[in-house]
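Straight from Swiss-Prot, the features:
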type	residues	note
REGION	1-41	region '2-oxoglutarate dehydrogenase E1, N-terminal part'
REGION	38-79	region 'Disordered'
REGION	42-88	region 'Linker'
COMPBIAS	58-69	compositional bias 'Low complexity'
REGION	89-337	region 'Succinyltransferase E2'
REGION	338-1231	region '2-oxoglutarate dehydrogenase E1, C-terminal part'
BINDING	Asp649, Asn682, Ile684	Mg(2+) binding site
COILED	787-817	coiled coil
Amino acid sequence: MANISSPFGQNEWLVEEMYRKFRDDPSSVDPSWHEFLVDYSPEPTSQPAAEPTRVTSPLVAERAAAAAPQAPPKPADTAAAGNGVVAALAAKTAVPPPAEGDEVAVLRGAAAAVVKNMSASLEVPTATSVRAVPAKLLIDNRIVINNQLKRTRGGKISFTHLLGYALVQAVKKFPNMNRHYTEVDGKPTAVTPAHTNLGLAIDLQGKDGKRSLVVAGIKRCETMRFAQFVTAYEDIVRRARDGKLTTEDFAGVTISLTNPGTIGTVHSVPRLMPGQGAIIGVGAMEYPAEFQGASEERIAELGIGKLITLTSTYDHRIIQGAESGDFLRTIHELLLSDGFWDEVFRELSIPYLPVRWSTDNPDSIVDKNARVMNLIAAYRNRGHLMADTDPLRLDKARFRSHPDLEVLTHGLTLWDLDRVFKVDGFAGAQYKKLRDVLGLLRDAYCRHIGVEYAHILDPEQKEWLEQRVETKHVKPTVAQQKYILSKLNAAEAFETFLQTKYVGQKRFSLEGAESVIPMMDAAIDQCAEHGLDEVVIGMPHRGRLNVLANIVGKPYSQIFTEFEGNLNPSQAHGSGDVKYHLGATGLYLQMFGDNDIQVSLTANPSHLEAVDPVLEGLVRAKQDLLDHGSIDSDGQRAFSVVPLMLHGDAAFAGQGVVAETLNLANLPGYRVGGTIHIIVNNQIGFTTAPEYSRSSEYCTDVAKMIGAPIFHVNGDDPEACVWVARLAVDFRQRFKKDVVIDMLCYRRRGHNEGDDPSMTNPYVYDVVDTKRGARKSYTEALIGRGDISMKEAEDALRDYQGQLERVFNEVRELEKHGVQPSESVESDQMIPAGLATAVDKSLLARIGDAFLALPNGFTAHPRVQPVLEKRREMAYEGKIDWAFGELLALGSLVAEGKLVRLSGQDSRRGTFSQRHSVLIDRHTGEEFTPLQLLATNSDGSPTGGKFLVYDSPLSEYAAVGFEYGYTVGNPDAVVLWEAQFGDFVNGAQSIIDEFISSGEAKWGQLSNVVLLLPHGHEGQGPDHTSARIERFLQLWAEGSMTIAMPSTPSNYFHLLRRHALDGIQRPLIVFTPKSMLRHKAAVSEIKDFTEIKFRSVLEEPTYEDGIGDRNKVSRILLTSGKLYYELAARKAKDNRNDLAIVRLEQLAPLPRRRLRETLDRYENVKEFFWVQEEPANQGAWPRFGLELPELLPDKLAGIKRISRRAMSAPSSGSSKVHAVEQQEILDEAFG
């Protein structure tokens, strides 16, 4: 008889077996059992087990023996102890002895325990309740759950997980189902345990193939949430199969669950063991018997679902039938309820709403076809709103849902899931089950990638995206997964290394966004796969060091040297910059291919997004040099240099230059064939949350203006990040358009390593502090899915850490250099002596002829035709005006093989209708660019030069940044940007401050960009007057740029040519005229272009020609620009020979030698004045007032200023006031 009082119940056999092993060899038993087994006393058995025996008589004898009469067995041998009725029945049943040849075996171990337990169960008076429960919702939601788990961390949820948890919840409502019967002092007693300990019947198969059953308990189930319950369930099952269950696992089971349905049993009445009040049985899921012969289509049409039979076998002494029936009804209701499934989905971090129970909708199939198509359209348009893209999931109770994406909204129910509908080519099919449609839609638009493309107007692009996105997910190969993991290892290990070795140093780490490294790697790899020439990266400071090390390939030793502050003074001219602003260049080699590609990272300042237009210009210049461009018909080499731009989320939404740069994307003068944008979306800007920093749903909404597809991706899913990166490159190559990837992640630390973000975002950083990084979560997913082993993951990380440690130790041993003051970069580039800028007369004539060499049938505008004729006349006869002098300079450079690029607002015609560099046919709109004719020699051979002139968008910041970048990408090009009025250049002040004036000193980045800034006081008001000379002079130092305000067309001509030919890569700032464009005196003769060069200091022509007498001069007026002509006119009017006007044509660097030589010619001068139109606090005086006395102390120590009074605005808003002020300047100058 079984030991009913044993705490192990039907598991007692296992305990006895372990005891025997322990007795023979204690080390063969898990140590956790030792304490229990030391004093364990097994129940005595009737006899030792015997090996099976077989009767050996012949077959005839077997039959005879079977027929022979047998002595009836004694009642004591056959009756089960306990119930008298059972014993009497047993006594009446004669059990014949084994026949000859039968196999006879004494039962032992598990088999013997079954005998005991089953005999003991006969003493429990039981009854059984049965309930059939619809299984469709259970099936459908389990599919949703496991599909999500398959794509993320791996693992599966079984039906028994769900049914067991529902059972536990039902017990909370019916605690009587958890109690058991016993006798206390001989009195019948019902015991209600404090906790629900659910026993799981676990079928085990031994090494010999024999099967056995154990019942192990999940303790205190009522305290668990679903995820905890699943973890405990899996732990019990795993330990049971590994033979590692402990005594505690067997004791104290209060209610059991058995699932014979796993082997196809539909309806089971299990036996109830003493010590429990109920055992719940689960049958197989089957269609009702009468429908099992029907086809799937017919079953779906009728709305027939599978059923699962639940049985509750209970101790009738303490549980009544009504309680048992209500208990099953509660489980039934739970399995169909919204609340139960909501909790399950939340606990498993399934971000979507569960399938909801509802009755079938009998609408016609035609109507539902339309509804299914509407559902498909809804997912394509709105699916991104339901995508699981936020790795933090700050609102864990919130499901990713949208009414437009729910099947119920479209009049569809779970009964439609297995019905077939017409889908009109969706995923390459005409008909599909709704379940398959939903599965594809969820995978395409609502997993870890959200796709926005409904704003794209081109149907071909939308169809291409649909075909690429709406496909079955293909998991990367194991080799690819290991490679992705290696990149994550590298990204995380690099940051951890720096954090450990350089505590407290700012580095703006990538922690929390490590997946951007495999993402960038994949994008570059795909560019290499397409056979492209180069990827140029522009990015802010966050993560920059990581990108330099793990993407560009900058040597670790160099990065660590910069952290040490150990710079070699022989290599460090200029101010330098912080390590997270520097650029680098490297070569990328494909891991799974044979191609390579150049990779470079351009330098940038801390001004967020300022590098964006610079990068675009740099790339366009490289493309123009390669001359692949859009003329490549097959598209493979077209735009073969790819800009890869990284952004922050707050900056992408907040900085206006982003929109300005995006606006360049499809413009002829600026197009680069598509930029790959990656937004490292930390979901915070310094300390500002998104709801305070943007008004749009996404930080990427601004990109919709150019029809760029937008991919939102979860940064905790590196495989998704890699897939999106490759898709982005493919789209860019196919359509030559921008693509935006919004990688949602988080910032592990504050804005910098010394910042504590929890002060302003406490809840967010409570979540972040406990968040496992992308590397760990991806490693766990790979191991959970069985793709790699833990050892493989650990070995890869150790290898990388060891590499960093070795380099770190090497850097510590490098030569140490003492800290020295930085040296100027001024002497790094010197103007060559004897540089000739004059040209032959024949070239002037050829340029003049070009303006009348109109194509056949071309009709110039009647107001432009006289301009063209006048230009030809000037080329031969002289009196060359400013506009033509400029075109002569540019045309001559084209003829000499230079690429000349001129852009700006209205620059093709010119703000003041002066340039007319591109002619438009009056009738057809055809365009003709005369200077492009200079790109061909007279014999028809190409010179190698080009004249590219573009009207820019109405932008300064991006436009100037682009032109600066162009000069970095093509140092030999002559690149000019013209402001509409010089006043508006301050819209590009960040570019001027951070790149143009200081790029060489900070980064060694050279540029020869030319800014043409119309300037002059002419009564047009404060915003059409000043290009802010004072600001450029304040920025000038170390020869960082040339600043000039020429006053003659010929000097402007020579200035441009000197700049293009001197080999110096430094910017040129030219303050150009407005009214002087048509001033009759502001002209130059042909000899001024063919015989001389640029002169930084000009005297009046009378003195230069030897007509005027310098000895009569007692006062010198130093001035610059168009004011000279007003002063000269007044001098002529007043006949003042005691006064001379000297022009400073170059404002910086100040031409000290030329100025001294000029002033030394006037021996009797007693007064020096600086005369300017600008207010006293503006123009050149704020610098010249300090610098001129220091430059020439013997002459200019007492120099005085004549100007407008100090003003906050550049000028008066009244033209009449302007005239009065201008007159006062002249009066004072000649007073």
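The backbone N, Cα and C atoms fix where each Cβ goes, and this holds for glycine too.
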C-beta crowding around Ile684 (Mg(2+) binding site), within 10 angstroms: 22
Local confidence of the prediction over the region 'Linker' (42-88), expressed as mean pLDDT: 41
Environment of Asp649, Asn682, Ile684, the listed Mg(2+) site - residues of the same chain whose CB lies within 8 A of the CB centroid: Gly648, Ala650, Val680, Asn681, Gln683, Gly685, Pro690, Tyr746, Arg747
Packing count at Asn682 (Mg(2+) binding site) (other Cβ atoms within 10 Å of its Cβ): 22
Packing count at Asp649 (Mg(2+) binding site) (other Cβ atoms within 10 Å of its Cβ): 24
